[in-house]
Amino acid sequence: MLTGKLVLNQSGTPEFVFRVFTNAPEFQALLFTLFLLLYLMIFCGNTAIIWVVCTHTSLHTPMYFFLSSLSFLEICYTTDVVPLMLSNIFGAQKPISLAGCGTQMFFFLTLGGTDCFLLAIMAYDRYVAICHPLHYNLIMTKKLCVQMVMGSLSLALFLSLQLTALIFTLPFCGHYLEINHFLCDVPPVLRLACADIHVHQAVLYVVGILVLTVPFLLIFISYVFIVSTILHMRSAEGRQRAFSTCSSHLTVVLLQYGGCSLVYLRPRSSSSDDEDRQIALVYTFVTPLLNPLIYTLRNKDVKGALRHSIFCKSASHCS
């Protein structure tokens, strides 16, 4: 049953509406303000990282190239979700067409998948830097870095296109279908189909394993070698510096993979749309927000570059 008011449908084609967070106007205003502030913080924080990496030659290294790429993905990722979510907090439930829902799902899956692949690439970069430091510049060339990022995007595009096309070939009965979520995500949309979805759920698990489990295993293997190498270092300062560069990445990995795994790899019998919606808030807002904070607060190079930029701008004598 649909909650709240509904904008009238003038056609017979199926349309989706998102379940409202609350019908209380005071809480709607609070949620709108909170989500808008979080989005602006995500946008500004990640934009700052991209700007600092691009404008400081000392940060023109593979690690910071991947970090700026991750920040760009986080901006696109949240922009695909948050503006539409904000527009549905107030007033009547605003329908989204079948094509519109499919488009949002496609970009959401593509950007999220690329994000997961990129975190695995960043782990490989740390592995080469710590385990093979003398060959680092020979292995992690600019060409290879670009190829790995583009390869991640291409693979995510391919998997997302297949999964989205498969889901939207299903029949959806009725004119208005309420999604118990704030975005067109795969699990809640699948539950609205009026057909057998066992094959589609199996495909979702396979894609989930390819996007989440395989990259996570690669990250785990990389860190086994990294930790082994660090423990054999004679210098305490070297060990501390190596652990410091890895801890930021590991924190982001645990947040991203933990939340996504609970939604996409958990058995349907032990999950609910309400739980999925709450978990999705974590990887929609918390992870993209913490990404620039974690890398800024725990990285001396980025902190130094930010301080230098702010000081130079305030002093107005930067070269």
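Using N, Cα and C of the backbone, Cβ positions are placed for all residues, glycine too.
Taken from TrEMBL, the feature transmembrane segment covers 29-52, 64-86, 106-124, 144-168, 202-231, 243-265, 277-297. Positions annotated as domain 'G-protein coupled receptors family 1 profile' by TrEMBL: 45-295.
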Criterion met for the transmembrane segment (29-52) and the transmembrane segment (202-231) (at least three Cβ pairs under 8 Å): no
The transmembrane segment (64-86) versus listed stretches 144-168, 202-231, 243-265, 277-297: most Cβ pairs under 8 Å: 277-297
For the domain 'G-protein coupled receptors family 1 profile' (45-295), the mean pLDDT of the predicted model: 88
